[in-house]
Amino acid sequence: MSQSANITWHDHAVTKKERRERNKHHSYVLWFTGLSGSGKSTVANAVAKRLFEEQTNSYVLDGDNIRFGINKDLGFSDEDRKENIRRIGEVSKLFVDSGQVVLTAFISPFQEDRDRVRALLEDNEFIEVYIKCSIEACEARDPKGLYEKARKGIIKEFTGISSPYEEPAHPEIIVDTEKHSIEECVEQIVQYLKGKGYYIS
Ligand SMILES: Nc1ncnc2c1ncn2[C@@H]1O[C@H](COP(=O)(O)OS(=O)(=O)O)[C@@H](OP(=O)(O)O)[C@H]1O
Ligand SMILES: Nc1ncnc2c1ncn2[C@@H]1O[C@H](COP(=O)(O)OP(=O)(O)O)[C@@H](O)[C@H]1O
C-alpha cells in the first residue's frame, strides 16, 4: 500500500515491447540466490560478460550498487533483508521495463520474498537461479573472511550460521558450484536461456 495520496501512474511513450524490438532481445530478471560465498557474484558477472559479448543489454545488481547506495539504511535483520529484496525487486522491474536483462546477486534467504518479486513480474520475466553450495564449502572458501568472523560472534545474524537460508522450492535453474567450474555454470545458464528462447544472438 502506497503512503502517498493523489499519485497517478504514467504510461510510457515508448513501450517495453518497442524497447525489446529495438534491442533485439527479451528483457527479464536472472535472480541468483544462495549462501554467502556460494558464487552468486562470480557466476552473475560471468553470465553478464557473455551476454554483453553477444549484444544483449544487461546489468548486474549486487551489494556494491545497492547496499552502498539505495539500501544503505538497511542491515541484516529479517525485516531489513525483506525490505532489501522488496526494493531490489522493484528496481529490477524497472530494468525489465527499460528492455534490459538484469542479473541480481543477493542472498535473498526467504522464499516468500523471492516469490513476491516473481509475482511483480510476468511469467517469462523471472528466472530463479539457485547457486547451490554447501555451507561447509562456502565456509572453506570464505572469500571475504566473514564466516570466520561469524563463528567468533563478531558478525551477528550471519546467513547459514545465525540467520536462516531457505533453499528455493521451485527454481528454474540449479547450478552446483561445488561440482562444476565457473565456465560450466555459465554454460548451463546460457543453454537454459537458449533452450527457452530467451537468448537471441
Ligand atoms: N550478517 C550477514 N549475513 C549475510 N551476509 C552479510 C552479513 N553481514 C555482511 N554480509 C555481507 O553482505 C552480503 C549479503 O547482502 P545481501 O543484500 O545479499 O543479503 S540479503 O539478501 O538481504 O540477505 C554478503 O555478500 P555475499 O558474500 O556476496 O553474499 C556479505 O558479504
Ligand atoms: N564453480 C564456481 N562458481 C562460482 N564461484 C566459484 C566456483 N568455484 C570456486 N568459486 C569461488 O568461490 C567464490 C565465490 O565468491 P562470490 O562470487 O563472491 O560468492 P557470493 O557472491 O555468493 O558471495 C569466489 O572466490 C570464486 O572464485
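Just so you know, glycine gets a Cβ as well, placed from its N, Cα and C.
According to TrEMBL, the protein carries these features:
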ACT_SITE  Ser108  active site, phosphoserine intermediate
BINDING   Gly34, Leu35, Ser36, Gly37, Ser38, Gly39, Lys40, Ser41  ATP binding site
COMPBIAS  9-21  compositional bias 'Basic and acidic residues'
DOMAIN    27-176  domain 'APS kinase'
REGION    1-21  region 'Disordered'
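Close to ligand 1, meaning a Cβ under 6 Å from one of its atoms, are these of the binding-site residues Leu35, Ser36, Ser38, Ser41: Ser36, Ser41. Assigned with DSSP, the residues of the domain 'APS kinase' (27-176) fall into helix, strand and coil as follows: 68 helix, 27 strand, 55 coil. Reported as a whole number, the C-alpha separation between Gly34 (ATP binding site) and the residue listed as 'active site, phosphoserine intermediate' equals 7 Å.
Annotated pair Ser36 (ATP binding site) and Ser108 (active site, phosphoserine intermediate), C-alpha to C-alpha distance, rounded: 10 Å.
Least crowded of the recorded positions (Ser41, Ser108), judged by neighbouring Cβ atoms within 10 Å of its own Cβ: Ser41. Spacing of Gly39 (ATP binding site) relative to Ser108 (active site, phosphoserine intermediate) is 14 Å (Cα to Cα, whole number). Separation of the C-alpha atoms of Leu35 (ATP binding site) and the residue listed as 'active site, phosphoserine intermediate': 9 Å, rounded to the nearest whole number. Cα-Cα distance from Gly37 (ATP binding site) to Ser108 (active site, phosphoserine intermediate): 13 Å (rounded to the nearest whole number).
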